[in-house]
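In what follows, a structure is listed as structure tokens, so that the remarks can point back to it.
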Amino acid sequence: MDWGAELWDQFDIIEHHTQWGLDLAEKYIKFVKERTEIEQAYAKQLRSLVKKYLPKRNVREDLEAKFCQYQAFLQVVKELNDLAGQREVVAENLTTCICVELSKYIQELKQERKAHFQEGRRAQQQLENSFKLLDNSKRKFERDCREAEKALLTAERLDQDINATKADVEKAKQQAHVRGHMAEESKNEYAACLQHFNQDQSRFYFLEMPQIFNKLQEMDERRTARLREGYGLFSETERQVMPIVGKCLEGMKVAAEAVDEKSDSQLLIELHKSGFERPGDVEFEDFSQPMNRASSDSSLGTPRGPSDVRVDPRLLGKNKAKRWPFSKKNKPVITEDFSHLPPEQRRKKLQQKIEDRNRELQKEIDQRDALNKMKDVYQKTPQMGDPASLEPKIAETLSTIEKLRLEIQKYESWLADAEGRALSNRPDNAPRGGHQLDPASAINNNVSSHDKDSPDAPHSEDGTDTLNQPIYTEFDDDFEEELVSPIGSCVAMYRFEGSSEGTISMAEGEELSLVEEDKGDGWTRVRRGPGDEGYVPTSYLRLSLH
């Protein structure tokens, strides 16, 4: 079934329908454009939301960034950013595949449709011209026939009229003959025009217009098929990004499942554990006794002997503040050795500084080795370069290496001091084998425990400072027992000096016996041989339990 055969007399209908089809395609293009604007606006808003909630600085600088709940939040935000990118992909594909391509195709169809209708109108104009010739020849034939009949009647009347002359009769007959001849010629001309018109009309209705209508039908069907593809692209463009959108949503789900409340709680402990002991009971001060009043010079009842050992006021203030955990704290003065921090935090900061400097030192050493190798190559092959040109860089690298080594030694000395203080605050780190702690450690221990004010504290009768006497003597018997069996082995990943009382030094890569596991304070008890054991940082070890 085609338009040329079935709609041969519906020229106006075909013209209207083809125009309606083009208008529908343009309406769909406009619809898709508005959809792309929505997608672009949505993606822009998502991008703005992501930018608003992403950290403005490097998250490594924030302690809160270490918590898995915050990392999960950042992951959700990043996945949302990827999802916004997919909305932009949808908008771009819709614009390219539908708006641009279909618009271009519709413009071509408009030109094709215009050409077909121009061809149809030319054929119609030719048929109309042929019909006008036919109508003119018909009117001429009719007029000539009337004139011939009139001339014939006039000749017959004159022929019967006795008063008419012979010349008049002959003239009338001659005129009738001429008119009759003209009517016959008009008849022949009319017949020829009629035959020509019938041929033109047959060609118009059975050949030319059916061909034009069929071309318009084929064009409209192509437009419909292309519009169908556009409808399909509308959903296919969305479907193509669904796997990636699904991955974004799956990433959000994985981020949510990665949140572990227990690990965050433990991390909070590791980040902010001070290492101080809880304050002891405040002892009763009996001001009725002159002796006690004389020996008390503060609310804590700090005993003073003749040596009058002075406690570091910085440490005392720090421990005193811990008595009121919810009180407002003054902003500490930040020091290079991190002594403004609690013991545990100071130790971690110093260890982090040492690790950072070691990494920088290794980079500089690698660079120095590379420069030396290059210098050797230049010396062996002068055409490749001048060895002297590398001397300034080598000198600069050596200077940096020396500077980093000095900084590492400085931080290691501070770390040893911090670890000594941390050990002095632990009953587990009491002197082994009857050795007593150094006075500084004893002072720190007494300050952190807040037991100096106890009226029951032992006082020397001969006036010597009680701080010079051994502490934790009740544990001495425990350390004189037989050596316990190792519970595993360990390998030192870093070098440790072990300059504080109760610690042991170790070299990088050295294998040691594991005597006692870390009890949560960051220290592990190890043994090198009989009688040679002590505590080392747990983070410096790679453990292997039996």
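Numbering starts at 1 and runs along the chain as it is shown here.
For all residues, glycine too, the Cβ spot is worked out from N, Cα and C.
Sequence annotations record features per position, and here TrEMBL assigns coiled coil to 106-175, 347-374. Residues annotated as compositional bias 'Polar residues' in TrEMBL: 289-301. Summarising the annotation, TrEMBL assigns compositional bias 'Basic and acidic residues' to 449-462. Sequence annotations record features per position, and here TrEMBL assigns domain 'F-BAR' to 1-264. Under the heading domain 'REM-1', TrEMBL lists 340-417. According to TrEMBL, the domain 'SH3' annotation covers 485-546. Under the heading region 'Disordered', TrEMBL lists 280-312, 422-470.
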Near the coiled coil (347-374), which same-chain residues lie under 8 Å Cβ to Cβ, leaving out any that are not at least 6 residues past its ends?
270, 275, 337-338, 341, 385, 390, 393-394, 397-398, 400-401, 404-405, 407-408, 411-412, 414-415, 418-419, 422, 494, 522, 537, 539
Go ahead and report the DSSP secondary structure tallies for the domain 'SH3' (485-546): helix first, then strand, then coil.
3 helix, 32 strand, 27 coil
Of the residues in the domain 'REM-1' (340-417), how many are helix, strand and coil by DSSP?
72 helix, 0 strand, 6 coil
Confidence summary (mean pLDDT) of the coiled coil (347-374):
89
